[in-house]
Amino acid sequence: MAASNFFLLTAFIALVATQAMASDPSPLQDFCVADKHSPVRVNGLPCKDAKDVSVDDFFLAANLDKPMDTTKSKAGSNVTLINVMKLAGLNTLSISMARIDYAPKGQNPPHTHPRATEILTVLEGSLYVGFVTSNQANRENKLFTKTLNKGDVFVFPQGLIHFQFNPSYDKPAVAIAALSSQNPGAITIANAVFGSHPPISDDVLAKAFQVDKKAMDWLQAQFWENNHN
């Protein structure tokens, strides 16, 4: 019985440790304002000396109440991210946020956040949103979609491919997203696959997408933009 309890305890500790490592590390003090000028390189950013911290380290005049320009985006969207690189006080706090503006028929293209879960609420307009599950045993990737209206909330699980689309022909939309990391990261699928530097071999992509290399060469020749600011 003692051996059984020992192995059970060991398994539990391993599980807890795994969960702890699956998100940003917890702070060990009241705050750890990022010192962006430190030569130290760690998994995150080192702390500024507490005596040098001021209230402005926790403040950013981000103008998130103002509409952002979507006209320069082929996707028809503009993501204004507030992460630790813009607001040093977020360091070790496991949170960031973004304002997302969508032109009529604009979208935030399929992408993932490798280090964060996202919760999104619609402030203006309507959005068609969804995410796709990881590879399943039945070889199906299930798609979950929903049309959101003003005030609605939707959550995108960490690391899963997801998107938002404004279905209106004449009305813009606005959303606010909160993310469970000070630096959630974003991988826009089309940009990463077709617009990487240097490019992925067209032999690889042609076989992966089961099309000819001419189609792949055309896709890789397009301009793949970043709609995140």
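Any Cβ shown, glycine's included, is placed from N, Cα and C.
Swiss-Prot lists HIS111, HIS113, GLU118, HIS162 with the feature Mn(2+) binding site. Residue environment of HIS162 (Mn(2+) binding site) contains 21 other Cβ atoms, counted within 10 Å of its Cβ in all protein chains.
According to DSSP, CYS47 (disulfide bond) is assigned to a strand segment. Counting Cβ atoms from all protein chains shown, CYS47 (disulfide bond) has 20 others lying within 10 Å of its own Cβ. Taken from Swiss-Prot, the feature disulfide bond covers CYS32-CYS47, and the record attributes it to similarity to another entry.
Feature annotation from Swiss-Prot assigns domain 'Cupin type-1' to 62-217; the stated evidence is sequence analysis.
Per Swiss-Prot, the feature N-linked glycosylation site maps to ASN78. When Cβ atoms from all protein chains are considered, those within 10 Å of ASN78 (N-linked glycosylation site) total 22, not counting its own.
What Swiss-Prot lists as signal peptide is 1-22, and the listing cites sequence analysis.
The Mn(2+) site is defined by HIS111, HIS113, GLU118, HIS162, and by the 8 Å test on Cβ atoms against their centroid, the other residues of the chain that qualify are THR112, ALA116, PHE131, PHE156, LEU160, ILE161, PRO184, ALA186.
Remark: CYS32 (disulfide bond) has CYS47, LYS48, ASN91, THR92 as non-local neighbours, by Cβ distance under 8 Å and separation of at least 6 in sequence. Around the Cβ of HIS113 (Mn(2+) binding site), the number of neighbouring Cβ atoms within 10 Å comes to 23. Across the structure, HIS111 (Mn(2+) binding site) and ASN78 (N-linked glycosylation site) are spaced 14 Å apart at their Cα atoms.
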